[in-house]
Amino acid sequence: MCVSKVGRLVVLVSGSGTNLQALLDASADPSYGARVVAVGADREGIEGLVRASKAGIPTFVEKVDDYATRAEWDVAVAARISAYAPDLVVSAGFMKILGKPTLQAAPLLNTHPALLPSFPGAHGVRDALAHGVKVTGCTVMLADEGVDTGPIVAQEAVPVLPDDDEAVLHERIKTVERRLLVEIVGRMAREGWTVSGRSVRIGNHTGGEST
Ligand code: GRF
């Protein structure tokens with residue numbers, strides 16, 4: 001079991017970074033309990049990096065193609081993250097699976113636009129729509145070495161409406177996802193959290209804290 005609090009966040013992005021923006025906006029209030037100290041990406045020229053720069057947050061980019069092996073890329077990403085001594089790394093629309101070096105650098109929180117364990121992977125919204133589900137949603141989970149297989153921290157349901165296409169449904173999910181991510185990261189920061197096996201609990205600690 002581990003019990004820890006969250007203060008310093010490193011956020012990883014691959015795209016538009018609206019989840020990052022939600023965290024940046026929330027952490028402008030010191031009572032939120034956590035702040036973004038760096039933003040990392042696996043590609044250049046994305047809106048997420050622009051958002052970070054506008055907020056005055058340091059950024060880094062590590063591209064898989066710049067390394068001979070995926071394992072070397074993973075070590076490089078882990079080194080970049082460790083330099084900021086984060087309490088929590090948030091993968092907010094980061095479209096790469098991270099390996100052991102990164103997972104060992106700090107706890108990694110991930111967000112996914114479906115109700116896991118249904119529809120894991122890069123096309124969670126498309127796959128849910130194709131299956132014909134009437135309810136989908138979003139999941140905030142701790143990452144492990146699998147594809148969206150880590151212990152679940154929080155989930156929220158979102159209805160699928162008759163005329164939805166992937167883009168419309170994803171936007172409806174993202175509205176909920178941003179709020180849930182901000183709420184969960186803030187609570188982890190303020191109340192501490194524990195993980196025991198697959199069970200994640202925020203707050204309600206009886207003992208002292210360790211990392
Ligand atoms: C989110 O729905 C995330 O779960 C998925 O990609 C989206 C990223 O959105 N993996 P943004 O870049 O935060 O706007």
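Any Cβ shown, glycine's included, is placed from N, Cα and C.
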- line: Among ASN19, ASN110, the candidate listed by TrEMBL alongside ARG70, MET95, LYS96, ILE97, LEU98 for (6R)-10-formyltetrahydrofolate is ASN110
Statement: Rounded to a whole number of Å, the separation of the Cα atoms of GLY17 (N(1)-(5-phospho-beta-D-ribosyl)glycinamide binding site) and MET95 ((6R)-10-formyltetrahydrofolate binding site) comes to 12
Task: Identify all same-chain residues not among GLY17, THR18, ASN19 whose C-beta atom falls within 8 angstroms of the centroid of the N(1)-(5-phospho-beta-D-ribosyl)glycinamide site's C-beta atoms; report them in sequence order.
output: VAL13, GLY15, SER16, LEU20, GLN21, ALA22, GLY48, ARG51, ALA92, GLY93, LYS174, ARG178
Task: Would you mind listing, in sequence order, the residues at least six apart from ARG70 ((6R)-10-formyltetrahydrofolate binding site) in the same chain with a Cβ closer than 8 Å to its Cβ?
output: VAL64, GLY99
- request: Reduce the DSSP letter at THR18 (N(1)-(5-phospho-beta-D-ribosyl)glycinamide binding site) to three states and note it down.
  value: helix
- request: For ligand 1, pick out the recorded positions GLY17, THR18, LEU98, HIS112 that have a CB under 6 angstroms away from one of its atoms.
  value: GLY17, THR18, HIS112
- prompt: How many Å separate the Cα atoms of ASN19 (N(1)-(5-phospho-beta-D-ribosyl)glycinamide binding site) and ASP148 (site 'Raises pKa of active site His')?
  reply: 18
